[in-house]
């Protein structure tokens, strides 16, 4: 393999989803449809939450945050994928690659914490309903949201810095459809062990802590729900959590698989497939899950259409 210093060339070349030209139109059509559904669904959720008086609660405040994150995350990755799928030029500038990785990392970390905050909100609503308004206030929600966004966008600066200060001299070609740390590490001609340890630390601080908070919240929720004598009461209490639980399972499963696994278990095709789940499939599914499974959202959507 020819060794060149690509940091001076200011271009990376994304391999994309497949090198088979006959599959490119199919991939383009599929991802264009997914992206349009993602845009429509998440913008619609944000509009419904903002315009419906009955949805002016902490739970739906965090849901609108989640929809905005999914909207931005998908827009960070998918448009470039669409352009490179049908176009001949699959290159991306060094700076563009750094920005894409930085923003996707920051949004991914923000989504982890927002999901944990949504789980805590459901815990307080179900396990401590009499104290809900005093514990979960709008001011607290605003502070938690602002702190979450600020922390992750500041934290991701460090990981983007240690990734793009590496000497890239193995190849110009990133074996992925967007700029992500694991495939970029494999282009460096130096040992990236310390960078990978930094990723594990980041995963421990953001991902693992968020997951533990989510898990603890649901352990308490399930314990409380099982203590309700009425079947109707149990169903009503747990139905408010089903949508969130489905979203959490889908999101954390993919993130843990990508970032918290042994060094030797890297597989290009498998990792590309899993990355599709959290950059394209999950942002598309989240508004659908909340629209179908949540009675309050469905009722607000019905009223919104009736008022048009």
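Just so it is clear, glycine is given a Cβ too, placed from its N, Cα and C backbone atoms.
Ranges compared are 167-187, 272-292, and TrEMBL records transmembrane segment for 272-292. The transmembrane segment annotation in TrEMBL falls on one of the ranges 197-216, 217-236, namely 197-216. When each of the listed stretches 140-161, 197-216, 272-292 is scored by C-beta pairs under 8 angstroms to the transmembrane segment (60-79), 272-292 comes out highest.
Within the chain carrying the transmembrane segment (272-292), a Cβ under 8 angstroms from the stretch's Cβ atoms is held by residues 17, 31, 34-35, 37-38, 41-42, 44-45, 63, 66-67, 70-71, 73-74, 77-78, 104, 108, 176-178, 180, 243, 246-247, 250-251, 254-255, 257-258, 298, 301, all 6 or more beyond its ends.
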